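Sequence annotations record features per position, and here TrEMBL assigns substrate binding site to A:D13, A:S14, A:Y45, A:G46, A:N77, A:T78, A:T188, A:H189. If you look up TrEMBL, you'll see A:C76, A:C187 marked as active site, proton donor/acceptor.
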Number of protein chains: 2
Amino acid sequence: MENRKTAPVGVFDSGVGGLTVAREISRQLPNENIVYFGDTARVPYGSKSQNTIIRFSEQIIRFLKTKDVKAIVIACNTASALALDAVRDEFDIPVMGVVIPGARAAVEATKNRKVGVVGTDATVQSGMYTKIIHGMAPDVEVIEKACPLFVPLVEEGFKEHVVTREVIEYYLESMRNTDIDAMILGCTHYPLLRSKIREYMGDRIQIVNPAYETAMDLKKLLREMDMENDGETVQHSRYSFYVSDAAEKFRKFANTVMPFDVPTTNVVNIEEF
Amino acid sequence: MENRKTAPVGVFDSGVGGLTVAREISRQLPNENIVYFGDTARVPYGSKSQNTIIRFSEQIIRFLKTKDVKAIVIACNTASALALDAVRDEFDIPVMGVVIPGARAAVEATKNRKVGVVGTDATVQSGMYTKIIHGMAPDVEVIEKACPLFVPLVEEGFKEHVVTREVIEYYLESMRNTDIDAMILGCTHYPLLRSKIREYMGDRIQIVNPAYETAMDLKKLLREMDMENDGETVQHSRYSFYVSDAAEKFRKFANTVMPFDVPTTNVVNIEEF
């Protein structure tokens with residue numbers, strides 16, 4: 001498997017949100033090459049059915065495999081919740097999601113066994129975080145809350161606008177009035193609102209960012225499989241970005257998230273895969 | 001063409017927004033049957049490229065033709081702006097959009113020859129309203145403004161929330177400071193915010209709702225082509241609703257927009273058409 005070490009990691013999301021996961025991977029595994037795919041032609045996944053999300057995920061994994069990736073990270077909570085089991089059985093390379101790492105971190109963090117989860121409609125309606133947390137720790141009470149406006153607010157660059165504070169209050173007031181002591185940011189866009197959410201929820205509640213936990217898990221997985229890039233053979237173009245539509249808009253947003261310059265984004269007709 | 005009179009009118013949109021157009025058609029042409037398609041698996045169109053939107057529109061028109069429609073209304077500003085010319089040439093039944101009726105109404109309404117247009121990113125970036133207005137009246141000055149948060153706010157049921165007033169101010173303050181005297185609601189969701197927008201913009205500015213103008217144009221077209229339903233052969237199921245995903249969510253929203261009960265919504269795999 002020596003030649004697999006320099007192969008890239010595939011990371012995909014319904015759009016730009018998964019960039020927060022790619023960012024964590026680039027921080028914690030600085031030697032790894034990344035091929036990122038954002039399904040900008042079909043974003044958002046949050047309101048789509050499980051069958052549709054499995055079909056879209058299969059197409060994307062087939063595309064990423066053409067880039068010779070050694071492992072795949074589903075950097076999208078909705079797809080992790082709804083498609084991970086199906087695609088894991090189907091493909092011959094390791095596939096990870098963000099839900100399990102996030103759930104485990106919350107179970108480890110909570111002292112009083114009460115955890116909150118915020119995410120898209122589909123993630124919350126699937127109840128996947130609750131199921132996975134209960135599989136790990138049946139005694140933990142889970143309170144889930146959908147916050148559908150967070151994604152458009154982030155994408156519109158409203159991070160610092162007064163409206164964002166009010167929308168946070170609208171969605172999270174009931175959550176703050178519970179006695180949870182850990183809360184999972186169950187959508188990859190939400191880490192971009194992390195400081196505002198933390199400010200509103202207060203220091204009592206530990207905010208769990210699954211992007212961070214996922215990068216840690218990826219590191220462990222690559223090490224166990226002896227696929228970690230040792231850094232000696234870093235290629236010139238270490239990060240490449242593909243989308244299904246609107247490349248320039250994606251590129252601009254990517255440059256506000258990633259800690260390095262994203263010079264180009266390529267368009268792929270994903271329905272062909 | 002006698003048998004065409006009772007055939008339904010096909011109406012389509014990227015999602016639920018076009019229901020405001022279907023509502024106007026049901027008000028102004030109460031004898032007409034309607035087949036509505038909402039592309040909820042691929043919503044929103046506002047951030048997608050022209051080629052993608054033409055391809056999606058072609059698939060939907062092929063589907064609507066299987067329902068034997070006599071005419072088609074593209075009840076989506078983005079698709080009207082980007083796909084109407086292409087699909088008009090391609091299909092053998094009349095196809096109308098919402099942009100031309102809206103533009104014409106604004107040209108007729110403005111006294112001081114200054115018109116505002118609000119819409120999605122794609123509609124505003126296409127500059128289609130400006131081009132079409134200038135084709136009708138080269139002396140009219142057009143000021144366009146994208147308001148991307150209006151759609152998610154409407155879909156989240158925030159019509160009456162204080163945040164909506166603040167977002168309206170955020171987007172429309174610069175528009176209000178101009179001396180336009182007519183403003184086109186260039187996205188089919190926006191009529192659902194009409195009273196709030198009117199309240200903010202003031203009585204000086206006439207708000208043009210292309211849904212209303214489009215229904216008027218459809219009436220005229222059907223009359224001219226002798227395809228108007230005379231009302232004697234109204235079928236039992238006069239309105240039918242199809243979507244590409246998430247039928248129940250669509251049905252619930254449709255029941256908040258339409259002036260009658262929407263009992264069922266059917267799912268279609270639109271990529272097969």
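In case you wondered, yes, glycine gets a Cβ from its N, Cα and C as well.
Just so you know, TrEMBL annotations never went through curation; they're auto-generated.
Rounded to a whole number, the distance between the Cα atoms of A:C76 (active site, proton donor/acceptor) and A:H189 (substrate binding site) is 9 Å. The separation of A:C187 (active site, proton donor/acceptor) from A:G46 (substrate binding site), Cα to Cα, is 9 Å. Within the same chain, residues at least six positions away from A:D13 (substrate binding site) with a Cβ under 8 Å of its Cβ are A:L19, A:V21, A:Y36, A:F37, A:G38, A:D39, A:I74, A:A75, A:C76, A:A79, A:T188. Under the DSSP three-state reduction, A:N77 (substrate binding site) is assigned to helix. A simple way to gauge crowding: the CB of A:T188 (substrate binding site) has 31 other CB atoms within 10 angstroms, across all the protein chains here. Neighbour counts of Cβ atoms within 10 Å were compared for the active-site residues A:C76, A:C187, and the top value is held by A:C76. Listed in chain order, the extra residues whose Cβ falls within 8 Å of the Cβ center of the substrate site residues A:D13, A:S14, A:Y45, A:G46, A:N77, A:T78, A:T188, A:H189 are A:G15, A:G17, A:G18, A:V43, A:P44, A:C76, A:A79, A:T120, A:T123, A:V151, A:C187.
Summary: among the binding-site residues (A:S14, A:N77, A:T78), the fewest other C-beta atoms within 10 A of the C-beta are counted at A:S14. Close to A:Y45 (substrate binding site) in the fold, though at least 6 residues off in sequence, lie A:S14, A:D39, A:I53, A:F56, A:C76, A:T78, A:A79, A:T120, A:A122, each with a CB less than 8 Å from its CB. Here the CA atom of A:N77 (substrate binding site) lies 6 Å from the CA atom of A:C187 (active site, proton donor/acceptor).
Counting other CB atoms no more than 10 Å from each candidate's CB, the binding-site residues A:G46, A:H189 peak at A:H189.
Our reading of the substrate binding annotation (A:D13, A:S14, A:Y45, A:G46, A:N77, A:T78, A:T188, A:H189) yields a largest Cα to Cα distance of 13 angstrom. A:T188 (substrate binding site) falls outside any helix or strand according to DSSP and counts as coil.
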